[in-house]
Amino acid sequence: MDRGLSTGTHNDNEGLRERPVASQSASTLSPEALTATGDVEPKDTGKELKTYGRTPDGTVFTVPQTHDMVSQLLSPSEPKNLSDIIVLAILGAHILLIWALPKGAKVPVSAVLYLFWRAGYNAGIGWLLHNQSHHKTLVRWAEKTKIFVNPATGQNPHPHLYNLIKRELETKIPHDYSFEKAPLEYNTWLVFRRLVDLILMCDFTSYCLFAIACSHHPVNESLLMTVLRWFSGIVLVLFNLWVKLDAHRVVKDYAWYWGDFFYLIDQELTFDGVFEMAPHPMYSVGYAGYYGISLMAASYKVLFISIIAHAAQFAFLVFVENPHIDKTYNPPPPRKRTIDQDTASTTTHTTDSPIAPAPVDENVPHAPTFSSRPPPSVHNLLGFHNLDLYRITDTSSMLVQFLVFAVTVLTPSTPWYQFLFVANAAVWRLWYSVGIGYLLNRQSNCKAWTRHFVKYGETPHEAWNQWKGTYHLSMIMCYASFIAAVWKMYTLPSDWGYGLVLLRHVLGAGLICLQIWTSVSIYESLGEFGWFYGDFFYDESPKLTYNGIYRFLNNPERVLGLAGVWGAVLITSSGAITFLALLSHILSLAFIQFIERPHMQKLYGQSIRRDAGLVKNLKRSLPPPLKQLHGSMDKIVDGSFEFIEDFLENARPKLAAGVDTFVKDTTALFQKYPARVTITRIDEDVAGYDSRDYSLEVEGTDSSALAECDQSSGREGANARMPLDRRGDLKNLVFEYGAPIKVKWTAPLNHSKKDWIGLYRVTDNTSREITKVSSQGRWIAVNEGSYDNLTCEKGIVSSDVVIPAPHGDNREMASGEVIFSSDKLFWTQGVFEFRYHHNGKHNVMAISRPFEIRIRRFEEEGHHEMMQTSVENSLLPVVRNCFDRDPEVAPETVDEQFGSLVERDGKYAKRVVFAVHQMFGIEFAPEVVRADGTVRNLAWRICNAKKVLAPYNRS
């Protein structure tokens, strides 16, 4: 079946640097740029169309043609410059070093060299790109050093470096490029390219040197094995070379060197060839050559270091590439806004809501609500983070896994027990494919599963939930019993170096990892709805789209989804496990052919794609005779399946009577990456400043009336109940939860431009002179351009505004304002303070008045309808604060939908559930906030939860 079913939008951004360029407004582009973007039809002018780039500030420029690093370095036709000579000299030094070393030192030295350059690639370049993506660090370095400013202006302190860079770059790009006219971002990217060239060339060269140092001919290896080993290795290397060349043909130097971290091109990018064959081809199949070289070297050392390098490359993809791709090309869609506010305002506010049960439910508690739409996915089943031992499905799954584990470990591995475990695994595989397949077939044809629950007064949603539990438990038992059988059949090798023992284990582990990755990719593409075959239960199915892994394969579970069972075959070398693997594969293919495909054809018809990206490319590459052979084989296979279908159709009445009665009935991931590592340092020149010249004044959304009401609660002594006797005009500062806080600062005119203000709990720091606790990103610089990131400048309102000094002093002071909001706030209750720090260090020059963040406790009203209205009114400003008052996320009214960013970033929902817990004493999961989608729905849920829990809250 083409399970390219997705509840999300179509997303094709699955290849390495495979980035569709964000379209720009046609009115802001030149005619040439409009031609490049396709907004204007190109005219036949006899000239080659040029590519136009766009910097973040909107500057449009011509992107000159450049060449790949191998051609630049080694091709005699390409001009050479000093940086090329330096790179070639470093490469030559590597070769000479390995050649000159004694035999015993070649392997460790070459390994250290390679690991150094690999770390320079994945950690070094990764760190630079991460900071460039988030803070424009490289461009800011160029701005601060002024290395691209013409020395004729007198502003460049490095004229010789300017001339050197100018000569180097213009030598490499003789056409359509002017160093003086090119944007700062483009010149910075060109310099960054030279660093990348050095690291990548040294990385590959040191790897090859390590492989040469480790290469040997295995003892007693037959001639046939040697030929096969070298032939396979050469094929993998040639395939790797084709992947690299084809990828460069598609993405050019712009994406090859991560150009979109610096600027965008006003041109639609097309991705074909290797980008239709595999996800992230440069990082997945693009490393096949490493394993080919490992084969030719016949060295496990080379194999293991190749695996380490490949894993590091995937880490680079996950932590650097993918976040930038999502930020640049996958912004959240515009939020759904209320079309007619007047209509919304006149709607009667009853206990009903879009998610509330109909009024009839108040009188008939178990009345079913029939809906063709799937319920919102709030409490998912899959994943350790969704484990909930209060749920019977999860408890049952954990118990049966524990029982399987206990029986497996506590019983001996005798032939009789091995037979029992293999038979048990075979039975569960038969149930998982044949039994579940039968149930789904009945559900597809006559809604048998849903009808059973409706017959007993349940809802289709209840039938769906019970089905998910049944399928989940069946899947758990299928794989748990298979793993138990593998455990019983496995024997730990006595000699890991004998024959292919170690290789079999490495390949087996790799296949198991491949199946895990495939399953995760399938789940990410289909979601909970598609994973549990939701379109068998709900007629209103989402549009059939092909994204994620389904962009490349129609049925990834057909081959890749069972790679792990064949990995177990390699590891165990057992005939019984081979039988289980064959049984699993045959049954899975039959399940796809007889259950999934007919249902998909009935549901989606002609919209089902015949060939996925990989198959299309393979067919395109086949010669005509092989294409004809492929067509003949397709006819044979289709005819065979038709025969089997006819046979089963005729036998169905005889089997139905017996089969129809068969079935009737923690992780949490937290991430806390401090944006600032705090090390206590005392600045030597702090003595030249008077701390009395520094001050901080705090302003926020006032909530002090709540504090004043709480001061006299009747729990204090008689004197404490009296009004406060204030000897000044100051009053307690109590601000709303999540509301932005403005900080006004004053400092001497000669204050350091690297001064900064941090937010802390009052109890965090015992010292008033030095801050010894990390700000964890809750800090703002007082001046722009002083630090190499943009995050610390978010919130600056004004800087260095000259004002007269207070207290009548005949001098002037500098002042400014910053606003702390969003991630720069503490999302909890407590007492906090701001600290003004000197010169980028942690010497405290001023501390603000302490202020309290408090969430007002909701006061209940008697009437339910009035209570819900009050809850809505109290909840709306809190939700808006939790959503940073962002117009693309925060609702303006109680009926307005939350922005789509709430679905993508879990912090917003977590803020809301904390506030709800403090206000109403009701604890929700973050998924509830995302599922409700509006303040009104959430208020309805709160009111009903309080009504349900009221009997248990009585004191």
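Keep in mind that glycine also has a Cβ here, set from the backbone N, Cα and C atoms.
The record in Swiss-Prot shows differing topological domain names for Ser77 and Ile780, meaning opposite sides of the membrane. Averaged across the topological domain 'Cytoplasmic' (411-418), the predicted model reaches a pLDDT of 92. Counting Cβ pairs closer than 8 Å and at least 6 residues apart in sequence, the transmembrane segment (223-243) and the transmembrane segment (195-215) reach fewer than three and form no contact. Tallying C-beta pairs under 8 angstroms between the transmembrane segment (473-493) and each of 277-297, 300-320, 419-441 places 419-441 first. Across the topological domain 'Lumenal' (244-276), DSSP assigns 20 helix, 2 strand, 11 coil.
With a threshold of 8 Å between CB atoms, the same-chain residues lying at least 6 positions outside the transmembrane segment (575-595) that come near it are 1, 418, 422, 425-426, 429-430, 432-434, 436-437, 440-441, 444, 482, 485-486, 489, 555, 557-558, 561-562, 565-566, 568-569, 641, 644-645, 648.
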